[in-house]
């Protein structure tokens, strides 16, 4: 079994976006610690299966971040289940999880499952709109969510999600200082090695997603930028 706590860099691939075999090979052979399959909309069992099968040609660990229970399938190394801590709708914190547990609770292998406490901080991104996240937060509010994730809910991962925009370094730094055990993931707007290196000074794990589809070479370069910090 892989040790997620040692992961410094991961790529996130959207099963609803096209990626060539050549590009996928470069991603999987880049030295990244893992590839996460996940997206906000258009995620289906069919496109999840197709992308997983293609990634499985390589030795890189493969994770499914669950967007909907209909797209869950065996074959991944881990399953990440997000709970959106700053959502205005309880279904994104507990409701959907309760329904999934009723259907699949007896089948779930908890050695493969990790909960993520999401804090979405870009109000214009799809995830914020979908989950009705209160994304206009002061640093002290974000830190409070991080402390809830670690100390009240005992979540293994706290995920700062700036999807589509580069986040506030000071916010990430303050969150990191507030956490003692929970692993800090950062995702959002990382397009260059310099940005990846900057955020990896504070975040435990850097997530690079959209850059793969915009400028693959620069996205690949973020791996070594993080590894040398």
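Placement of Cβ uses the backbone N, Cα and C atoms for every residue, glycine included.
The sn-glycerol 1-phosphate binding site annotation in TrEMBL covers 12, 159, 160, 161, 162, 163, 164, 189, 209, 210. Take the CB of residue 12 (sn-glycerol 1-phosphate binding site) and look out to 10 A: across all protein chains shown you find 19 other CB atoms.
In the three-state DSSP scheme, residue 40 (Mg(2+) binding site) is classed as coil. Listed in sequence order, 67, 126, 127, 130 are the same-chain residues at least 6 apart in sequence whose CB falls under 8 Å from the CB of residue 40 (Mg(2+) binding site). The Mg(2+) binding site annotation in TrEMBL covers 14, 40.
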Determine, to the nearest whole angstrom, how far the Cα atom of residue 160 (sn-glycerol 1-phosphate binding site) is from the Cα atom of residue 14 (Mg(2+) binding site). 18
Just the number: how many Å between the Cα atoms of residue 14 (Mg(2+) binding site) and residue 164 (sn-glycerol 1-phosphate binding site)? 14
Centre the Cβ atoms of 12, 159, 160, 161, 162, 163, 164, 189, 209, 210, go out 8 Å, and tell me which other residues of that chain have a Cβ in range of the sn-glycerol 1-phosphate site. 122, 125, 186, 187, 188, 190, 207
For the binding-site residues listed here, 164, 209, which shows the highest count of neighbouring CB atoms within 10 A? 209
